[in-house]
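Swiss-Prot annotations:
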ACT_SITE  K175  active site, proton acceptor
ACT_SITE  H294  active site, proton acceptor
BINDING   N123, T173, K177, R295, H327, S379  substrate binding site
BINDING   K201, D203, E204  Mg(2+) binding site
MOD_RES   P3  N-acetylproline
MOD_RES   K14  N6,N6,N6-trimethyllysine
MOD_RES   K201  N6-carboxylysine
SITE      K334  site 'Transition state stabilizer'
Amino acid sequence: MSPQTETKASVGFKAGVKDYKLTYYTPEYETKDTDILAAFRVTPQPGVPPEEAGAAVAAESSTGTWTTVWTDGLTSLDRYKGRCYHIEPVPGEADQYICYIAYPLDLFEEGSVTNMFTSIVGNVFGFKRSRALRLEDLRIPPAYAKTFQGPPHGIQVERDKLNKYGRPLLGCTIKPKLGLSAKNYGRACYECLRGGLDFTKDDENVNSQPFMRWRDRFVFCAEAIYKAQAETGEIKGHYLNATAGTCEEMIKRAAFARELGVPIVMHDYLTGGFTANTSLSYYCRDNGLLLHIHRAMHAVIDRQKNHGMHFRVLAKALRMSGGDHIHSGTVVGKLEGEREITLGFVDLLRDDFIEKDRSRGIFFTQDWASMPGVIPVASGGIHVWHMPALTEIFGDDSVLQFGGGTLGHPWGNAPGTAANRVALEACVQARNEGRDLAREGNEIIKAACKWSPELAAACEVWKEIKFEGSKAMDTL
């Protein structure tokens, strides 16, 4: 061995494997305002201390690897490493812990949700020291939030574009989601928009299939929009799904929508990917298009309470990547969503500053530094009897989206939309008069039925409908 090698070997380097907690568990650490903070629900393997499991997550999602390496000496680990700085047991759960990890801001590329997730969740979920791992929440510091454009327009700009104020917006997903020709699809859009809706919508898997190519659908839907606008005097829209197999094709479809003069396009942000979504968001801001976001595939990631990622994290990521609407669950329909938890991430989408509130699943105070807000979209198994609860729960800055609850009306599409619009207007008027929607909702709807036969027919059809099931999977 050369003298030079002997000297290097004697200065602070010892080959081999050592416990992660010796380097990455730092309970004395005081977090910085610029740190990205993460709350992981960790289920360690039997015999693995929570400190070691939490430190392993911090290491493998930042600077660490399974063994000591020479090149550790070429940088400052104290500056760049992630730190597990606090651990607390999960109440009511054996061998589960919330491990809090702080990441220095320099670890992340500016304006890239893709890079942020690649670092924080890209490699740690298959790690042997943990039996299961779930990312419950992230604190995005203002210093990092300001590197993102965020939503193309935001809530106030959308209301100004649509000239609609003081009530939730109404939408409808065209059904059947697959199989209609472009002309029949456009006909259904027209009937719904003419009947009183603000928006109609492509479903998440409507792209460009043999039975209906995207360009044909765009043209017939644009015709429906213009005809309905001329007859109602209201601004209308249809979420034209621009999701495609390549980013170039996606932008081409969005550009065609812009040429048609329609107000809004749509993207499946999880299946399409964050890089594609951010690119489309930039295009939409530059070209005056609103951007509706569908969360297709989210339950693959967020439904299990012990493993994966909570939707509040995906919601924060969407606000950073860019979108003016996103589906958020309903609390009352066919898709899962517990009320306080749902309202927690709805606030994270809409508000500028959100206080820590563990009862609603919010682990960190979040300051968005004036980033535009996102409108939550309630959809999935909802109908006219749900209108009072939806109006009370989601408030004005929301889209209430009825698919089967519109197109399933016994008299057809237009009467179905009229029923929904009358129910909404009745609930908004009652709320503005000071009535309690939660307690008096059914009476309000029944009273409105007296002057709307369409609503009366809808109430009769769906009076017995309930979506029963076990309690929500998510727990605090």
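Positions of Cβ are set from backbone N, Cα and C atoms, glycine also.
With respect to their backbone Cα atoms, K201 (Mg(2+) binding site) and K175 (active site, proton acceptor) stand 10 Å from each other. On its own chain, K177 (substrate binding site) has D203, N205, V206 as residues at least 6 apart in sequence with a Cβ closer than 8 Å to its own Cβ. Every protein chain considered, the tally of other Cβ atoms within 10 Å of the Cβ of H294 (active site, proton acceptor) stands at 28.
If you take the C-beta of R295 (substrate binding site) and look for same-chain residues 6 or more apart in sequence within under 8 angstroms, you find D268, Y269, L270, F311, L314, L318, I326, H327.
Listed in sequence order, the residues of the same chain lying 6 or more apart from K175 (active site, proton acceptor) and placing their CB within less than 8 Å of its CB are D203, G403, G404, L407. In this structure, of the binding-site residues N123, T173, S379, the smallest number of CB atoms within 10 A of the CB marks N123.
In this structure the C-alpha atoms belonging to E204 (Mg(2+) binding site) and H294 (active site, proton acceptor) are separated by 6 Å. DSSP assigns K177 (substrate binding site) to coil in the three-state reduction, placing it in neither a helix nor a strand. Each of the binding-site residues K201, H327 was assessed for Cβ neighbours inside 10 Å, and the highest tally belongs to K201. Here the C-alpha separation of N123 (substrate binding site) and H294 (active site, proton acceptor) works out to 26 Å. Each residue contributes its Cα atom, and for T173 (substrate binding site) and H294 (active site, proton acceptor) those atoms are 12 Å apart. Each of T173, I174, K177, D202, N205, V206, Y239, N241, M266, H294 belongs to the same chain as K201, D203, E204, is absent from that list, and has a C-beta within 8 angstroms of the C-beta centroid marking the Mg(2+) site. Its Cβ taken as reference, D203 (Mg(2+) binding site) is surrounded by 19 other Cβ atoms within 10 Å in the chains shown.
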